[in-house]
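> Take a look at this one; I'll ask things after.
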Amino acid sequence: MPSKSACLRHTEAPGQLEGRMLQGQPPNTEKKLIPTPGFLPASDSQGSETNPMPPFSIPAKTSNQNPQTKANLITPQPPIRPKLERTLSLDDKGWRRRRFRGSQEDLTVQNGASPCRGSLQDSVAQSPAYSRPLPCLSTSLQEIPKSRRATGSEGGSPSLWSDCLSGMISTSLDLLHRDAASGGPPSRLASLHASHTPPAMDLSIASSSLRTANKVDPEHTDYKLRMQTRLVRAHSNLGPSRPRSPLAGDDHSIHSARSFSLLAPIRTKDIRSRSYLEGSLLASGALLGAEELARYFPDRNMALFVATWNMQGQKELPASLDEFLLPTEADYTQDLYVIGIQEGCSDRREWETRLQETLGPQYVLLSSAAHGVLYMSLFIRRDLIWFCSEVEYSTVTTRIVSQIKTKGALGVSFTFFGTSFLFITSHFTSGDGKVAERLLDYSRTIQALALPRNVPDTNPYRSSAGDVTTRFDEVFWFGDFNFRLSGGRVAVEAFLKQKPEVDVLALLQHDQLTREMKKGSIFRGFEEAEIHFLPSYKFDIGKDTYDSTSKQRTPSYTDRVLYKSRHKGDICPMKYSSCPGIKTSDHRPVYGLFQVKVRPGRDNIPLAAGKFDRELYLIGIKRRISKEIQRQEALKSQSSSAVCTVS
């Protein structure tokens, strides 16, 4: 009677062969198997003697039946897991979490829950072990054809079956068999270690988006909930006192909290106890109080830009105003821009549009005023318009006979927080020898300007009815004062031709305005920053040469910016210069950069309530965008038309 192993070797059906593969048993064949790449080839000999395999784990029932019948009765059933009824991928979620029922509890006890554990560690097969990898195992997981799975189907040689079964079982199963055969604890993935020590970081880069969303991570489910709870605690203002920071209680760096709200929390009792009509300098929650001022200006200093330019009535405006409004010497833009124009262009609206276009959407036109050909425009950062009072203006005409208001003064005033400002732009009488007329223009201006009107004086005890400059905390007076350099053109040109640098201090000794200010006959209490630029008048249009006409006017510092303060040291000049690149007029624009001390105020003043020129704002933005599109199209056409030549 033939042995059981012999019967099985000659009578195994395809379905039985598949069952052996699913239980981890190799197919027993008498023919040579084609080796799979990456595995050890089988021996050239036939039979189980030359290719030893571990004994089968199929229990044999003792019976007197025919061996062929016994072989047919021994039909191993595939395990419930893994199911190879469909094509699986190593990246499939179910494949990463697969576990055998018999080893699931043991793995949990031995290894514990680790969010860094891989799928190969979590899957351990309870199957017989083999001393070396099987030649029929492949790296692919293919679906077993149903026609081949039917029990009792026949046909095909063992060699053909080995070729067909190649690629049915993945490398993962092979690894699991090896782990089970070792008898020890399941293998673990090696810990990840940096190849080198990373550099020290001074910023927190904690981010929920960088956290691995591993399904085996027990903390993943409630991670978002914990983060939301932390933010609620950080931004909660229901406590008995105001937190020190909107980010109080949060362990994130301020630099990494860009998605958090940086608005200061407002206590409910501050809103209920506060009265709009009766403000206080130190009232908590006051709109113009110290607390609000500290939010925007911690050092209580605001940046101010003041400029003057005699445009000579030219209709043509410069192609760019960047050098005028955005000088390269300033790293940052200013909080307030005040521009005074004398002999302005006929289209005042176009001029203001150009200013809005240059400054961009971060600034709005707070107010603008005109007196004949005298223009003044005030642009402020859009987030500061809520702290301005109503803007008032007044005018003075010094040339009464003329119907055209070319000479005179224009004053604009308002209060910012608790500091009152007065800006005056003037065009005094021209002529080398008309110093007395210019002194008269000054006296008439300080007496005739009727400011302020509705906004109360911040310090009425230090005000004078005969001098408008005494009624405000900070005063800036700028314009074309027409004071000349005495001594004649020849003497002035001799100074200008000095090399390598012009001795400006020696040149200013001949300045009429400097001489009159030292006498105290004009601009009493005013100061001027040191001058380090060349005379701003009179140039040939479009050129850097001074007047070459028959009149041969003497180069002079006619365009000036002066300042005055009630409190000494409140105004600090940062830069005082001219714009030699703007050559559309016979005058060069002159500007000054200042830091001005700002004090808290009361809420009982008439506020502008965010009023600004909305129409001009929209026009400036549209023009800015259209020019940017044109510039980009020009760059594209230029790059596409470039020709590369090889010589």
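Cβ coordinates are placed from backbone N, Cα and C, and glycine is handled just like the others.
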> Do you know which of Ser63, Ser103, Ser556 is annotated phosphoserine by Swiss-Prot?
Ser103
> For the annotation region 'Disordered' in Swiss-Prot, which listed range does it cover: 177-196, 457-476?
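Residues 177-196 are the ones Swiss-Prot records as region 'Disordered'.
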> Could you check Swiss-Prot and say which of Thr75, Thr197 is marked as phosphothreonine?
Thr197
> Can you work out the mean pLDDT of the predicted model over the repeat '3' (240-243)?
42
